[in-house]
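Enquirer: Before anything else, here's the structure in question.
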Amino acid sequence: MNNILLNNGVKIPQIGFGTWKAPTSEVTINAVKTAIENGYTHIDCASVYGNEKEVGQGIIASNISRDKLFITGKLWNDIRGYDETITAFNQTLNDLAIDYLDLYLIHWPRPQKYHDDYIEKNRQSWKAMEDLYKQGKVRAIGVSNFKEHHIDELLETCEIKPMVNQIEFHPSCLQKDIRNYCKQHNIVVVGYSPLANGKVFQCEELKIFAQKYNTSIAQLCVQYALPNASVKPLNLFMGI
């Protein structure tokens, strides 16, 4: 599987295994184990998914060496602030039963809970993530669903700029402006939901293109995403 180089020299696998909507049951444990056994090395997680313990059990069951995996975690919207971010990060490590993350992201830029002071709250959380990075507890840090001005607000005070911005990307959500911005700032774009949670299968234009090129709609969308959104966590629980 191909890798993409982040601006700090860390390599991230180009295709990831997404765990959104994965149930808190043996289903997820077995799915993660099977994904790893079939070549997935990038596991995309988030605390809000509520299944990090099961994901961790699946990783353990795979018997793969930790250094062979790239594991992403995310800070959820109801948590902001320096100490709060450190606590949330450590909880993710504990739930996944690992001692470091490969990538940690701020999941959304402006949560309702911190709507009026989100800029300062994001900066506090980012400072905590910078310190975790310096301590070697996470190999790369980034953001998710951030627009240009959200990243600008971080860049005004940050010491370490984001290495990743994870955004929605599929044929009906191209997000050209933020992708161009990230390219200019050497921030890798991770595109999620390349099949728009299955909605692409109802698109007549895509059916025509798939027939023209003798391929499936799924393959068409993923191949289209590869050069435009460098990395894709494919969510097998939601039709990608």
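In case you wondered, yes, glycine gets a Cβ from its N, Cα and C as well.
TrEMBL does not curate its annotations; it predicts them automatically.
For reference, TrEMBL lists these features for the protein:
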type     : residues : note
ACT_SITE : Tyr49    : active site, proton donor
BINDING  : His107   : substrate binding site
DOMAIN   : 15-227   : domain 'NADP-dependent oxidoreductase'
SITE     : Lys74    : site 'Lowers pKa of active site Tyr'
Enquirer: Where does Lys74 (site 'Lowers pKa of active site Tyr') sit by DSSP, helix, strand or coil?
Expert: strand
Enquirer: Taking DSSP as the reference, which of helix, strand or coil describes Tyr49 (active site, proton donor)?
Expert: helix
Enquirer: Using Cα coordinates, what distance in whole Å links the residue listed as 'substrate binding site' and Tyr49 (active site, proton donor)?
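Expert: That separation, Cα to Cα, works out to 11 Å.
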Enquirer: Per residue, counting other C-beta atoms within 10 angstroms of the C-beta, which of the recorded positions Lys74, His107 reaches the highest number?
Expert: Lys74
Enquirer: Measuring Cα to Cα, how many Å separate Tyr49 (active site, proton donor) from Lys74 (site 'Lowers pKa of active site Tyr')?
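Expert: Roughly 10 Å, rounded to the nearest whole number.
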Enquirer: Ten-angstrom check, please: count other Cβ atoms within 10 Å of the Cβ of Tyr49 (active site, proton donor), all chains counted.
Expert: 20
